[in-house]
Amino acid sequence: MMILGNLRVATLSDGYGLIPDAAILIEGDRIQWVGPEAHLPPSAAPRHDMGGRLCTPALIDCHTHAVFAGTRAAEFEMRLKGASYAEVAAAGGGIVSTVMATRAASADELLAASLPRIDAMLAGGVGTVEIKSGYGLDIETELRMLRVARRIGQLRKVRVRTSFLGAHAVPPDYRGRPDAYLAEVVLPALKVAQDEGLVDAVDAFCEGIAFSPAQIAHLFAQAHKLRLPVKLHAEQLSNLGGAALAARHDALSADHLEYLDAEGVAALAAAGTVAVLLPGAFYALRETQAPPVAALRAAGVPMAVATDLNPGTSPLGALGLAMNMACTLFRLTPEEALAGTTIHAARALGLSDIGRIAPGFRADLAIWEAEHPAELSWRIGPAPLHVRLHEGEFV
């Protein structure tokens, strides 16, 4: 048991939920009490003076592709020089290049490539990260990616949630045969992943260049049979009704949503599905149509913010910068951005005991060299993290 005293606490219980001159009583991995320090119940627990610093829940990055091999820097240069998507692909770039590099990497090599990315996230105050498969597109590599993600959670003080994203793209060896790919690779891999305890949710990419709503509906039906929750990349490049599809399947989240329409907004609101906004991909792809944040806000749809860390369209590993981008590019408020990387991000992962500072919640905390929580979205640059607690222990 211990006390953190002399804090400004943003509980996220009601807006920022700011409590000045606050203390937090922690027992084991749980918060037992939070409030004005003058009202702290008598306790013999040791007290740590935090010097008047700001305390928030540890941040949650609820959408990443952090396990992969290789880079896509060469095609970045090609695109800047005017190369089309087809020209990049013909030169060996695009998602296929990441798939080939990831397939060729051993588990140890994937782990060695991924850990520095995770370490950078943790240095920015992240305490929970979602990691997807999706760069194997064969049974062996999809499972290897998920095993590496689980290993990361064992090696670092971070909570890792995994999403099986076998339906990310159709690999070259199944070009023109997406149904066969789903039947022969995706569904068998999903079953093995579930049997091995490697998967927390099932994800898919609903887009003309990926999978149709009907194909995804079939995949989600199989996920439900395995008692696995679902989430969906939807309405990023066009509107295929992916958000409404996600809502019909009680998805935890629908992600991207640049081309979301009024029907999709209403469906998300009715289902309680979280809208995950990914400003890094919007920025890197130089998109011009932003998600309909005002409509989502008016409908009461919870909005999360994530990095979408991946080598092709969002090589962004700093969640604080994603918060700034969400405010600057999508017009979220700093309060919404913080909620989007704490309580709403937790909801997008199906987690109900992190993302707020309240009795009974896990003691996943970030203590910052900051006076006000708006500073976390205002800053462009290194996160002002002082120290992080993971399940009640200083990291």
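Each Cβ is built from the backbone N, Cα and C atoms, and glycine gets one as well.
Matching His233, His386, His390 to the Fe(3+) binding residues that Swiss-Prot gives (His63, His65, Asp308) identifies His233. N-formimidoyl-L-glutamate is bound by Asn310, Gly312 in Swiss-Prot, and the record lists one more residue there from Tyr135, Tyr174, which is Tyr135.
His168 is the only one of His39, His168, His372 that Swiss-Prot places in the 4-imidazolone-5-propanoate site (with Arg72, Tyr135, Gln236, Thr313). Among the binding-site residues His63, His65, His233, Asn310, Gly312, the ones whose Cα sits within 10 Å of the Cα of His168 (4-imidazolone-5-propanoate binding site) are His233, in sequence order. Here the Cβ of Asn310 (N-formimidoyl-L-glutamate binding site) has 24 other Cβ atoms within 10 Å, regardless of which shown protein chain they belong to. Within the set of binding-site residues His63, His65, Tyr135, His233, Gln236, the entry lying nearest in space to Asn310 (N-formimidoyl-L-glutamate binding site) is His65 (CA atoms).
Highlighted in sequence order, His65, Phe68, Arg72, Ile95, Thr98, Gly134, Pro311, Thr313 have their Cβ within 8 Å of the centre of the Cβ atoms of Tyr135, Asn310, Gly312, the residues recorded for N-formimidoyl-L-glutamate, and are not part of that set. Neighbours of the Fe(3+) site: apart from His63, His65, His233, Asp308, residues of the same chain with C-beta atoms within 8 angstroms of the site's C-beta centroid are Thr64, Lys132, Asp255, His256, Leu278, Ala281, Ala306, Leu309, Asn310, Ser314.
Of all Cβ atoms in the shown protein chains, 27 besides its own fall within 10 Å of the Cβ of Asp308 (Fe(3+) binding site). A strand conformation is recorded for Asn310 (N-formimidoyl-L-glutamate binding site) in the three-state DSSP classification.
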